[in-house]
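Listed in Swiss-Prot:
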type	residues	note
BINDING	26, 28-32, 42-45, 49, 75, 130-131, 133, 161-163	GTP binding site
BINDING	31, 49, 72	Mg(2+) binding site
MOTIF	39-54	motif 'Switch 1'
MOTIF	74-89	motif 'Switch 2'
LIPID	215	S-geranylgeranyl cysteine
MOD_RES	217	cysteine methyl ester
LIPID	217	S-geranylgeranyl cysteine
């Protein structure tokens, strides 16, 4: 497909550019989350990521064009050396776990340690509990995730479902707002969380028991 120089220039015109890495154990649904964010499409069967996959999408945040580079990393041990090299230039990290598999939640401290060891200082970290559509198979309480996030000083916890389009957009909008706020801290001195509607009106799961799916720390 051919793009004119003017089309390329328009695509390259942005106010902010942020690099975000998506990490976590294998088969927690990281690729499904990224694909849904990119195209709004959910694919039931996804092959495991080999090394690192790269996706770009621009968001309009309060009249500013924010280009989000999302790096979907493989969770398998044999790819760790490759994926660790991508930590260094990341502005933010999203750690994903599968709320139907307790072991993926228990791995979160390991992933936080990886970020602290290989990432830059002051990387913004968010936690997402994926597959919240499978609430009847839940093995991780939302309250446990909030407690862990508070312990490690993470930005927020959201429960997501790529299959049912729950909180996928909100994850990246919240992250973009926080990164903009931190980038402009010397001007505004406030966190993006101060003005986010989700804080005062938590998202509720439509199917199954009524539960909060978003908390900020």
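From the backbone N, Cα and C atoms, a Cβ is placed for every residue, glycine too.
The structure, with features from Swiss-Prot marked on it.
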residue : record              : DSSP (3 states)
26      : GTP binding site    : coil
31      : Mg(2+) binding site : helix
72      : Mg(2+) binding site : strand
130     : GTP binding site    : strand
161     : GTP binding site    : strand
Tell me the Cβ contacts of residue 130 (GTP binding site) under 8 Å, same chain only and six or more apart in sequence, or just say none.
28, 29, 30, 32, 33, 96, 97, 98, 99, 159, 160, 161, 162
Please work out the number of neighbouring Cβ atoms within 10 Å of the Cβ of residue 31 (Mg(2+) binding site), leaving out its own Cβ.
22
What's the most sparsely packed of the binding-site residues 26, 161, counting other C-beta atoms within 10 A?
26
